Amino acid sequence: MFNLIRRSAEWGGKTLVLESGKIARQASGAVMVSYAGTTVLATVVTGKTKEPVDFLPLTVQFVAKSYAVGKIPGGFLKREGKPSDRETLISRLIDRSIRPLFPAGFYDEISIVCNLLSYDTVTPPEVTALVGATAALSISGVPFNGLVVGARVGYLPSEGKYLLNASADEMLCSSLDLFLSGNEDSVLMVESEASELSESQMLGAITFGHQHCQEVINLIKEFSHESGQTPIDFIPHDISSLVSDIESSYKEDFSLAYSNTIKKERVLKLEELRGKVLSEVADKYSAGDVECSDQDIVTALKTFERSLVRSKIIDTSSRIDGRAFDEIRDIEIEVDVLPKAHGSALFTRGNTQALVVTALGTPQDEQIVDDLDGDRRENFLLHYNFPPYAVGESAALRAPGRREIGHGKLAWRAIRYVLPEKSDFPYTIRVVSEITESDGSSSMATVCGASLALMDTGVPIKSPVAGIAMGLIKEDDRFIILSDILGDEDHLGDMDFKVAGTAEGVTALQMDMKISGIDIDIIEKALLQAKDGRMHILSKMNAVIQESRNRIKNHAPRIESIFINKDKIRNVIGSGGKNIRDICEKTGAKIEIIQDGTVMIYAVNNEAVEYAKSMIMDIVTEPEIGKVFEGTVVEIMKFGAFVSFLGGKKGLVHISEIRNEHISSVGSVISLNDKVKVLVIGIDREHIQLSMRRVDQESGEPIDGELYNIRKNSFSDDSCGSTGGSSFKESYNPNSRHGSHEKKRSGGSSRSSRRNSNGPNYYREDLPSSNGFGNNNRSFSNSRNGHDVPRKPRFF
C-alpha cells in the first residue's frame, strides 16, 4: 500500500531521518523529517496561477502544533489560530533560504507547509523544517536549482568553540545565536544575534555552519535519487529580442531618470517611463506578427532596468545617487523630539527616516509569550511600523505583516545585548520605530534610532549601537560591495547584507541573497567594509548623545524594590488583601510581592513610591525598645490608651505614662484619633508598652535622659505608678470580673496571675540587664502545676 522511502544519518551527534511515501501522498512532495525528538511534516504543492504574474508566488508556512509538546492551546477556542511571531519568523527563514534557487521566469504557484508535529524542546525546529522543505521540493518535480540546508551555530568564546544545533540549555552559555542556510557551494541566508563578537568570529561561525550543511545535502541527494522523481524541464520564454528593442529605444531616457539623486523625482519619472514603454511596445507588437504578452513586456523591462543600473555601477563604480561605493549618506540626528514621550529620537540618513520612541512600563506590562518551549515573560519589546506614506503610496493601514515582524525582530536582536540586567533596571521597555521615509535600510535606521531613544530615556545601555545595510553587484567574477544601499540598489542588486553592532563588535547580522549564494571571501569583505561604515555612523551619533542620561524623565513611572522577611508577606497583604488594597488606594501605587520577599512598588511619581514604601516598612518593621514612633489613639480605657502605629501594630500607653503629673482620667488628656508620639519602653511578644510622657510631643525626640534611663534599666517602681519599693507586680486583664487591677507577689500564685482565656494579660516588664534589654524567657517554678514556664514580663 505504501511505497516507503527512508534514509537516515548522524548529524551533530543526533539521528536525522527522512521518510516519504506514507503520509500526505496527495501533495506534490511530502517528507516526514525526524531529528532527535523533533518531527516535522513538510509538504509541497504546486500549480498554475489563475492569472499571469511576473513574480514567483511562493508561500511558506511553518505551523507549530500545541500537541507537539503535549499542550492544549489557550484561549476560548482551544485550537491553533493566528501565527505567532516565532512561526512567522521561521516561515521567513525557510522562504528566504529557498526563494533564490528557483529559476528565473518560473512563476507557478508553490505552497510549502511545515507542520511541527513533535518537539523535544531541545532540537531547533527551524533546522528540521528547512531540511524537510528542501527534501520535499527535491521529490516534487518542481524545478529547483540545488539543495539548501540550514544549521544553527553557537559560540563559546572562553573555549573558542563553535556549537552545532545546540540545545537551549547549551545556548545559554553561548555568545552567538546564528542560523544560516547554504547549498553545496555557497551561503544563501544568515540571521543572527551576538554579544559584540568580532568580524572574524562571525565569519568563523558562518564557515563552520556551512561546512556541516554538506553532510545533510548528501543525505537529501540519496533520498531524492531513490524516489526516482526528477524536476520538470523548465525552459523560460525567450524575451532577449524584446529586451534589445527596449534598450535601443529607451536607454537614454532611463539613464537620465536613474541619474536623478532625488528619490521622489526619480520614482515619478521612472513610473512615467514604464507606462510609456508598456503602451508603445504593446502597440508595436500587436501590429506585427510576433506574439508578445503584457507579462513578457513587464519582464523584459525589469531585465533591461536591472542590467542598466548594474552595468553602470560595476563598470564605473558610480552609484545611482553619485556616491562612492563605500560612502554613507548624509546623517541628521535629533533626540528628545517628543516632549511627553519617555524618550525619542529622529534619525535621518538620506531619504530614509525613522522616528523612534521609547515607553517605560512596570513588570506588570511585560509581554506574556505562550510558546512551545514554555510560557515566558518578555520585558523588552521593539515594534517596527512601515506605513504606505513612507514610500509615497496611497493605501490603507494594515496590521503588521511578515516584513514588519522580521525587521522589528532584527532590530530587537541588535539592541538586546546592550540593555541592562532586569535586576538593575526593572522597567518593561517598549521601543516603537515609525518609518516616516524609506529609501533603503529602514531596519538599520531603526537600530540607530532605538539606541538614541534609549539613551534619551535614561536606560543605562552598555554602548550605543549602529547598523548599516550593504549591497552587492556581481557579474561573473567581477563584483562590487556597496555601503548604505538605496532602495533601488537593494531591488536591483544581488544581496542585502545588514550588520549592527557597537564600537567593540557585532550584535546582529542578517544576509539575504537574490542569486544562488556567495562564497566566504565576499562575506568577509562585506563584514570589514560594514565595520568602517558602522564606526562612521557611531561617530555621528556620539556627537549628539554619547551615553544614557543619568535619570529618567519626571513623567516616566517610578519603580522601587525593597526586600522584606518572607514571614512578613502575609502581614503586608493583610486579611483578605486588606492591607495591600489600603496601600494602593491611599498612594495610587501598584504593589507586586514576590515569594522570595521582594516587594516591587510602581507609581507615577517619587512621592507615591516613598509613601507606599513607608507604609510597607511600617507594617514589616518590628518595634524596638528606645525607638520613637507616631501613632493614632484607637481606644481609651480607664487604665490607659491603646495606640496604633507601624501599620496597625497596637501598644498600650499606661495612664502613668501619659503625663509626668498625676491625671485622674485618660479621656481628659487625649481623645480618639489623636496623633501622638510614643516611645517603646517594653515588649512582650505581641504586647507593646509605650510612653508619651518620655517624648517631646512637638519634636518627636525623647526627653533628655529618658532614653538613657530605659537602656540603663533604671526605672523605679515609683516612676511607674506603683507603691514605693513594693515587690507587688501589677497585671491587667480587661475581661476580668475582679476589676481592673490585681496584685500578686513575685513567685507567688494566684488565680489572677494566670493568663485568662477571656482576654490577654499585660504585665510590667522585667528590668533588663545593664548591657541589654534582658531576657524575657527566663523560667520560674509555677506552684500550681510544678512546671517551669516562661516568666511573664511586667507591665509598667
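Just so you know, the numbers here start at 1 and follow the chain as drawn.
Each Cβ is built from the backbone N, Cα and C atoms, and glycine gets one as well.
Swiss-Prot annotations:
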BINDING   D490, D496  Mg(2+) binding site
DOMAIN    557-616  domain 'KH'
DOMAIN    626-693  domain 'S1 motif'
COMPBIAS  717-728  compositional bias 'Low complexity'
REGION    717-796  region 'Disordered'
COMPBIAS  747-759  compositional bias 'Low complexity'
COMPBIAS  769-784  compositional bias 'Low complexity'
COMPBIAS  785-796  compositional bias 'Basic and acidic residues'
Within 10 angstroms of the C-beta of D496 (Mg(2+) binding site), the count of other C-beta atoms across all shown chains comes to 22
Sequence-ordered list of residues in the chain of D490 (Mg(2+) binding site) that lie 6 or more positions away and have a Cβ within less than 8 Å of its Cβ, or none, is G440, S441, A469, G471, D496
D496 (Mg(2+) binding site) falls, by three-state DSSP, under strand
